[in-house]
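**Q** Submitted below is the structure of interest, expressed as structure tokens.
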């Protein structure tokens, strides 16, 4: 599809209904409540709006003043850090505009929004601003019903073929839900709440709408209301393109509608004359909408004191409140830590990294990261586990993985602050590493989620991209470097160039370089002006960098010494030891500078001693009744923690223990997990629960961030990648054909397309049919449509896959099209919508039902694949390549198809008799299946190679099979009527054992939920669904009195199964044991296998494959011990003494 090209007209029109139009708008009935519209439009937020009462106003102006352009540049550069600054700007502001259905309103009840179009030399931008106070309503009346307002871009109708038109490309910011409208004031794509920035024109081609790159808000500090429940920036298959807009030169003017109707259409249009530049967007001025409304709310300490750290005080200001750490502690008031106390960090690392010229990436999930920082001298140590030898050596140059940790707790020079002192422990860091000279790029995203209950800082790290290869056995030495940090209210940027030397086994060495660009987003408190007095620029100095990859333990470790200070690196002639780290204070002490070079050592809070030697204070022993009744005091280094006794829980004050009345917070909705579109709440008994991010998101479950798959170049180089919430899509660029994962400039015509184009012929006016001649119609895949019609005589008939008429199917004029059976296989070319879906088999077809949260969106169910005369039994989904796999007992065969579009691809076609169950190992890239006639279980790679038999003894009727690649387990069911059983083994077939053999009938289906470690099965003999933890054997009934289940799958708290007698997909709440919904497909025939198609792969690392015998995980304490060993080695290398002093 081509880009959105809106013609450069001599005028464009501002409409009081909340948009600017590139052409004369059509009647209101044709566009209200709709997006896209039939004409070119930029919709800030359009609906049935009214300014006719003299209250609502519309302002617009051209503005090239330095102040406005600076303000626009700030918004643009925050969203697109590397883009140019604008030269021109146009501002359109809708103030206090009412909904026509709420015509009688007073000032302040209406809608406020602002659109700025800003132009640089080659690019245009649209900046949309939505203040919280201005979002008074989210829908307007359309056709007698209330419909959500719409925001986005539309090209309008475009010419199609010769004499017809069709809807052109468009881009939707909001959905049909009111929550997506309200989220405009709560979310962002620019790093600032309520501000949305889009690149809308790249001269001279204007190919696509590109949203801002800072899609995450700073982590929620508790001072702001929770983000709206819906992600708002969705892309649609027809959209995601770039827009050019008519240039114009407005004069500032106020427009009012004195009458309810003005002009030919409701909503007056105002003509604006043009100037010669591409318009773009800007920001607000003092007289219109105050940008400060996008920051904190203006509550007071009275009801928000508990949102501050235990070690902080709350202070009220004129515009709100702020938290401030008490003396002896540092941080942002929300997160405070004791001065001088060593800091520890824990987290997980996920990645998809290409090494050298390798065509396939190294993927890893949930690898452990642990870090230890000696805060009083700036030394930082980082260790990451389970990094395979194929990648480990090449990660050695990236000491930057620990760089932001070093910056957060760097040794502060006089008058300067480290990162934690300024922004606390909740922030997001995104860095791009460019290796020279080959320009390999790696993106590092680190989400810091604050301090957990163990006083450890929590961090989640994602690596995506390519690194140059460092050969195994090579060592890497990184030279000292400096990095400039520039600060603003909610954004920090830094950059540096780093040299490193690679020494090979043969004694040769090579010096290499990479460039580092980093953006840190966070939430500051804007109410205290003094708190903003941070030096605008600081320099981080890093030296004594140590890196090592341990291939035996698959561990990589980094160490470095960090200082933060003057950009010129200036020091005094007589430097105080507190600022050099050469002070000899205990690692649990703070160094206090005094006059000249004098200093004292003072033990950190929670420790006692002379500062040279500090010992932990056992508060539980020394402070009587440190904790209240019904509680236990647990001493910890530098602090203590109270825990309620069994049967009690903390009251709302967080201190008093009261009788525990078990509450299922997941079912009650009283949990603090992220919204259901991003996270899953798992009830774990009592009043406990576990939060975990859904596939496609990362974090600790309470805050989940979208994974931007487009950063890892997953699409073809001739395709555009569109990141969506929890997923992504690929689309070939104009002039190329394919599914986006592969694009080619050559388009091979199908039989139908060749037939059609031959009959159309070609004239100077384009393809023209011969009058009265039948011309076939082809579907989007180039196949003959199942029904064909002759327009001139009005006859219609069915055709086979070769386009030949099927006898007896012809209908005469006026009788409509006959009901024709599709000739397949045909796969929908449109990708699955973002999110998670159910895929199920129904005779010769595979259908999908989208899931919204855990509920089935039954009205949006569609057929994905149609294979007439086939009987599909099992279905499985590969979340990596977006492929569906199925077993067919008529061929018999195993095949696959890409859900982004394409035909059926055979995988296994020989030596099969009755393949039924099928499972995919997305980590090991393998395929498992059962054959109930050959009585065996087999495995092969996903292309059908490396096939081998795993189990072929003591099987009678094997059917269902599933795998748990994270833990290396395989499970299967044998419905042998004489002795049914459920078994398990390692994924290579070893360690086979029977899990369940008693009280079984016909165990047809199996599913495994990795979040809760629950194995569940559906039994058509006992008419029950049962579950158990395979490691514990705690079997329990999840649902009884069901009829004849066949396939089963799970997602979160729900189980979904197919039933032969009900011909339906049935949803069961596993925790409540109740049926909650039923989906009846349009075609009422027997349903077979069912599976869950995740938008993104579940997290985890592979622990076993059929071609690898063993793999030993490095667990938490082993890694901690290894980290301690790392520190010891580095101390020896740099001659650190016991107190951390560095002799020179």
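Every residue, even glycine, has its Cβ placed from backbone N, Cα and C.
Nobody curates TrEMBL annotations by hand; they come from automatic prediction.
Here the structure is a predicted model, which means the values were calculated and not measured.
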**Q** Look up region 'Disordered' in TrEMBL and report which of 154-210, 211-267, 268-324, 325-381 it refers to.
**A** 211-267
**Q** List, by number or range, the same-chain residues at least 6 past the repeat 'LDL-receptor class B' (968-1012) whose CB is under 8 A from its CB atoms?
**A** 680, 682, 690, 692, 917, 919, 921, 924, 926, 928, 930, 937, 939, 950-951, 955-962, 1018-1023, 1028, 1030, 1033, 1035, 1045-1050, 1052, 1055, 1057-1058, 1089-1090, 1098, 1100, 1102-1109, 1111
**Q** Counting by DSSP secondary structure, give me helix, strand and coil numbers for the repeat 'LDL-receptor class B' (882-924).
**A** 0 helix, 23 strand, 20 coil
**Q** Taking the Cβ of residue 796 (disulfide bond) as the reference point, list residues of the same chain whose Cβ is under 8 angstroms away and which are at least six residues distant in sequence.
**A** 787, 788, 789, 790, 810, 811, 815, 816, 817, 818
**Q** How many helix, strand and coil residues does the domain 'Thyroglobulin type-1' (749-820) contain under DSSP?
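**A** Helix/strand/coil tally for the domain 'Thyroglobulin type-1' (749-820): 10 helix, 15 strand, 47 coil.
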**Q** Taking helix as H, G and I and strand as E and B in DSSP, count the residues of the repeat 'LDL-receptor class B' (968-1012) in helix, strand and coil.
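**A** Helix, strand and coil residues of the repeat 'LDL-receptor class B' (968-1012) number 0 helix, 23 strand, 22 coil.
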**Q** Work out, from DSSP, the number of helix, strand and coil residues along the domain 'EGF-like' (662-705).
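**A** Within the domain 'EGF-like' (662-705) the tally stands at 4 helix, 15 strand, 25 coil.
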